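Quick look at what TrEMBL lists:
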- A:SER69: active site, schiff-base intermediate with substrate (ACT_SITE)
- A:CYS83: active site, proton donor (ACT_SITE)
- A:SER227: active site, proton acceptor (ACT_SITE)
- A:HIS241: active site, proton acceptor (ACT_SITE)
- A:SER69: pyruvic acid (Ser) (MOD_RES)
Number of protein chains: 2
Amino acid sequence: MAAVVSSPHYYEGTEKLLEVWFTSTSNDETCDLRSIKREKWDALLKLVRADIISMMKDEDMDAYVLSESSMFVTKNRFILKTCGTTTLLLAVKELIQMVKAECGFDKVNDIFYSRKNFVHPELQDQLHQSFDKEVSLLDEMFQHGAAYVLGRMNKDCWYLYTLDDVGVDQPDQTFELLMWDMCPKSMEVFTMQVSQDGKDATKRSGICDIIPGIKIDDFLFDPCGYSMNGILPGGFYITIHVTPEPHCSYVSFESNVPQASYEGLIQKVLKVFNPGKFLMTVFANSGSIAHGSLKQLEKIDCLEGYRRNDHQFCSFKNYYLTYTQFSRPVI
Amino acid sequence: MAAVVSSPHYYEGTEKLLEVWFTSTSNDETCDLRSIKREKWDALLKLVRADIISMMKDEDMDAYVLSESSMFVTKNRFILKTCGTTTLLLAVKELIQMVKAECGFDKVNDIFYSRKNFVHPELQDQLHQSFDKEVSLLDEMFQHGAAYVLGRMNKDCWYLYTLDDVGVDQPDQTFELLMWDMCPKSMEVFTMQVSQDGKDATKRSGICDIIPGIKIDDFLFDPCGYSMNGILPGGFYITIHVTPEPHCSYVSFESNVPQASYEGLIQKVLKVFNPGKFLMTVFANSGSIAHGSLKQLEKIDCLEGYRRNDHQFCSFKNYYLTYTQFSRPVI
């Protein structure tokens, strides 16, 4: 890899993540977010400052790799994850209006907006420079919004905005592992100097073995950086984004593939990426088989040589959530 | 009670709460916070804008009723709780210096600074107008400070600043019930119109029956408002503060009396005060008999006609904490 030059450009790998569940108050079964035309998505993403790079689909989901992270569209669920200095929340109002006009869903059933604290909030657009500002904007749109901070406000933390009134009734779970202070050696494979393309990086890194049998769309950026979406029938996905530069290294792993226990998955992901620090969130509603895993995670205060610094468990109206932060002990 | 007049003066009942545990690096057994002279405490409280109204003591603790809430001093533990527009955090540096100079403790073993969100933060001194500002000030003094927000940042929440490095090794627990939107009828007893003095209000309200046998120092303010300290041998206390005015009604109950289960205590306190909403925090370290009660509280999502809106559980380095917020369902 290129040596670190003085004052290199800082790239904020930390993503903003939006998940919106839609419903139709008239129970119109024909509503489907996937009926929205490509140019409409392109226009929406312009507000966010991101572009579609690639797309794959199966019978349950359309999955997009973006210039800044990913987008997943199923019948009634929209997921948008964007990094860098993107302006994700500028798209929320437009999204809701477009969805109503284009495919008939007239109600937001639940919303999850979340992110880790930024390393350089001052480089973000005004709107995203603090969670307070983000909450103000969301509160203007939603009557029953609830804003939380998990972890340490003055160190590493994770922000969440969600709704308190209705909620998703099908089994649902989301697992995220956000990693930083990455081992430089493990990051080399995500550069053009080492790998030829996305497929090559997926194979060399070991990402291909994390969830075998998954359908993959991967992309290696020039000169470095990596994104992948993986999908499984049923609307299940994994998505990985890598910022390999040593001065701002960051990797995110996210999946809604149901797991009765997350330990095996965590071990696989840590082995591939070898972070210095990471935080982990697990969401599950009571219909999910992952529900029991949250209690299991509470007991793990040491993991693969990492030490737990924080652990929190929350009961929301429809979901349970755990937040855990680990780091390698300083020797 | 007097009818509510237009634009009445808003009194912020919500307290700032500081608990500091001291130790001596030379294991000097003679160090004792109670050896600090009264005029030193008076000078410290001047910084905070509070005065001592009354004092009682037993062999383990000195307990002070203040013009704004309470102060408790044991051999190695200092607790200061102040409401209104007091400037509690201005006293922290001075406290540590004074304790070192006057009684020899040269190290802070642990610190807990906490409060509910203010109803009117703009009426507070600059320093206390936001938790961010409070954290900045504490971070200047402590290297291993960790700042948390429990509950909803955009509704009701509770802030905590504590240390992550050392910690208290004796069994310890703290229970707080912070109540607001009080039943006006239940508040009448805390006015001079109904009660003659503190003792009368303690009896009429039923406070005297919450923990029988406790030694009580109570005070009824003119024309209304109430404070009480109760102490038990072993350094155990309860403290109650009542702001009865209908437009800003607020009551706090706090105790470190160990309980294997808090349900009975909660029921007694709710019966006396009858709040519209309340939040509850329970701290316990692993040596405490209250440790098991935290798991018990997780299961209670409905209590005496109140509905749970939020529940969170945190594992800190030395303590476990639960935060729960309840309200009467709106009919």
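Every residue, even glycine, has its Cβ placed from backbone N, Cα and C.
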For this session: For A:HIS241 (active site, proton acceptor), just count the other CB atoms lying within 10 A of its CB, please.
Result: 28
Seminar exercise, completed: Cα of A:SER227 (active site, proton acceptor) to Cα of the residue listed as 'active site, schiff-base intermediate with substrate', in Å and rounded, measures 6
Problem set entry | Length of the line joining the Cα atoms of the residue listed as 'active site, schiff-base intermediate with substrate' and the residue listed as 'active site, proton donor', in Å | 6
Seminar exercise, completed: Here the 10 Å Cβ neighbour count for A:SER69 (active site, schiff-base intermediate with substrate) comes out at 26
Exercise. Rounded to an integer, what is the Cα-Cα distance in Å between A:HIS241 (active site, proton acceptor) and A:CYS83 (active site, proton donor)?
Worked result: 9
For this session: Tell me the Cβ neighbour count for A:CYS83 (active site, proton donor), meaning other Cβ atoms within 10 Å of its Cβ, over all protein chains shown.
Result: 26
